[in-house]
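Heads up: the structure comes next, in structure tokens.
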């Protein structure tokens, strides 16, 4: 294994001028890198050196482009860049705080054979230079790149040495290299050789300058020829008689002289939106709002009547019930008011394709003009999150229907486990077969585990004759893939044991050589975890040791699949391939494994910290303007889901959207959905309703973010959209138009009143990585919608994103290593204002709240075919602990500065009420538990919450209940859920409210008041033995302290019913009205707790009959004893008129 060292220190922003440098304090040294070549020579490899190799800083204002002639054959820089990218993809980069950044060249990543040219460790020929065993450079198809006509095989390092130190002479034939003749694919495709970039500019700045130039450039990006048509349309120039379109009064419209305008004929083209709002029919929405208003009035009148009519016989019972009812009315109001404006939305994928992927004057070749997307997948523990599940999620992402060159996938392994690393490598290897198969036969879903387990006919609507043969072969390959994944733990253990034994033998031999006569002591060597290429794993070892444990290991980045080529790479009918890939694009998206550095003494902030590390690393490596985050068990069920989300982002006004939230859908839930795991009321009712306000809340997964919104910037035109409160009464003062560019006005934070953002403050907010800071305006520009309509503000010209992406080099990946180090966030605003927000177990809700608080909007994208699917706990105890975590986060939000009461004026009032309800709903548990005990207290005491069951009380009760049922029916109508799902939600609302919510409030209060943190642990008491049952986990009973309150409520109410019935039967003057009131409310409580009781019983049929017999006998005995001890009024003997035999 070759190892290349980089001297890593913190990077800094380059000074803009010598004068400013003289006034500022000295900056820390910039990042410099060096590599050791195969010849043993060290050469400088810093980014500054690379940027300055092409010339001096004195010539930054213009570029001279000499066309290639027979006597002028300039070296094609794309060849060396591709070679550098291949080297990067085959190297494992490690580094961190106070450590050297190293690039470990991997001969092989996994023990099985890797045959895709994009994958790390792909097979290749050996270098012909004597003493060098490195691999020869290869192209996108895996074929050897031979720089010289003599076909002399040379590796990347030796090629660089020959160019730099050997005057560009081939070591084989001793003739100069002619590199312009190598890139035949580029010549055939008509792509021009790239111009030398201006000196003194970083790669991100060069990319931004190129994109900005397309706004008014007169050169076609594909051919490099002068575009006369665009010159006619975009300027005031004319060619005299014969023009098809003549300018009117020196211009083509009402734009200013410096504006880019379109001819009238083009302006009159029908403009089609990408999305539409589908309003709820008035026949449903109007009665819905009316019933809400009627129920509000009924609640006010009922509470007023309850306060005035006290129960003097049981004032304590009356007081508790009134307080609870007032809180329930307030809680219902908070939940119901945000539902006043529900809407539905739809997208048009045909229009998206027409605008972004159809040939046009701005995009003659029809190359995709869609912005890039970086997909984040987070995992932390391979024991709790099986690698096979994560691998299937990765495969569904790589196979998504989105431009391959615009898609990147980053896997965050917060545990730093070799098992996850090799599982991802196996997934990358299997993708070589799976993804072409999906593209060839239009497979849905593109998660192999889900696809091969489909219960429907897999051959339906498949027209290609070789589908059956291909499916059979891919299924067999997938079965072998699963065997390899499941066998990885044992394989890693055996490999590590073998290497450890070898190391011990070497150490013993060395000890004997050094101490020939002295008695030898047993050699103690740390038992390391070894990679497939025979080197130490830099992450967490199976046997933890210093610098190799879950909380103490170096940062790791491995490019599993290098960036694909810019043009489609079509397969062929090769007999060695598993399936026929003729005319199928075999390129794979970029896949990167990331494990951030962890060291003792640093707060790593769990998932939020891992996501922020991915944000920074991806900004440097691919810088997609949009980020899709998924949990490791949530895979892409609809391959077009990203396109659906992009319709909202690229539509008119889409630049003000911070994220597009997709609903969560789950698999493996029991048919009855006993514990409301689907959460359909929340995802199909509450979230649709919030979509009519400022947008749905962020729920942690299945969310497409705008990168600059995560960076903490305000939305564009924030002052236009958020006027002062008095603006409706007093006219708005028109501000004088500023000459500040729209690019800088879009990058503005709320604490800055300047029109233009001062870039000098960026290091304090984002850290001192100049590369990261340079990427911010690029991401902002690329995320803009098309300026294809006069109403589209802050847009970009069509065709601006058809340029190829920058190729990866070692200095770029080394910079990414530095930004995932444990020290990078020190004294920055990461986690405070930038990125995912720290300080709460529900970092998702807080992160979305901060964006809405700055004035951003979000939308809810419900697709016809589910966008994503995942898994949810179906076990009762696991479900309660999941709800406990959510409720604990809500309590933390309520006691923090993220409380909606403190929201800014930029947040709409109903949106603020929705967020206030998020923080308040766990406190309902106190009142709910008291109210659940009230029926039992009524039956025990013989009293009721009212003096008598009067007609007025019953009328109010009937009105409140009927309006609630009507609201439920109307919600079912406009949301599309079923009545059973609504009832399951009501049941689990009471189950969670009397268990997990109460524990969350107590835990939150103790943390805020006393600083004490309580963790509720669970212990498995019994397990399901039937491994063939898909829902075996549903019947597993695990004891938890969370179960105590609901069990107590059930037992007390059951006993109270028996006592009340016995008391009334044996009473001289039976009080049937009080009995009926108490029994009715007790049955109301027990009916809601029925799923909980069913979960305690375990599997049906396994509970012995004697348990039910004894339960009934105990209830009867207790009720009789109660009557005997506390006889009804008006009797003198024990037990009233009842006599024991």
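Just so you know, glycine gets a Cβ as well, placed from its N, Cα and C.
On a predicted model such as this, the values are computed, not experimentally measured, just so you know.
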Query: Out of 836-862, 863-889, 944-970, which range is noted as transmembrane segment by TrEMBL?
result: 944-970
Query: Of 1027-1046, 1047-1066, which range does TrEMBL call transmembrane segment?
result: 1047-1066
- prompt: To which of the residue ranges 282-303, 348-369, 392-413 does TrEMBL assign the term transmembrane segment?
  reply: 282-303
Message: Going by Cα-Cα distance, which of the binding-site residues (378, 384, 606) sits nearest to residue 631 (Mn(2+) binding site)?
response: 378
Message: Quick check on the binding-site residues: of 385, 414, 631, whose CB has the lowest count of neighbouring CB atoms inside 10 Å?
response: 385
- prompt: Same-chain Cβ contacts of the transmembrane segment (315-334) under 8 Å, 6 or more residues past its ends?
  reply: 296, 299, 302-303, 306-307, 913, 916-917, 920-921, 924, 927-928, 930-931, 934, 937-938, 941, 943-946
Query: Beyond 378, 384, 385, 414, 606, what residues of that chain have CB atoms within 8 A of the centre of the UDP-alpha-D-glucose site's CB atoms?
result: 379, 380, 381, 415, 607, 610, 632
Task: Mind pulling out the one from 914-938, 944-970, 1072-1093 with the most Cβ pairs under 8 angstroms to the transmembrane segment (282-303)?
output: 944-970
Statement: Note: vs the transmembrane segment (944-970), the recorded stretch with the largest number of Cβ pairs under 8 Å from 914-938, 1047-1066, 1072-1093 is 1072-1093
Message: Same chain only, sequence gap of 6 or more: which residues have a CB within under 8 Å of the CB of residue 378 (UDP-alpha-D-glucose binding site)?
response: 412, 414, 607, 610, 611, 614, 629, 631, 632
- request: Please find which two of 378, 384, 385, 414, 606 have the most distant C-alpha atoms, given that the record lists them as binding UDP-alpha-D-glucose, and give only that distance in angstrom, rounded to a whole number.
  value: 15
Field: Least Cβ-crowded entry, counting other Cβ within 10 Å, from the binding-site residues listed as 384, 606, 607
entry: 384
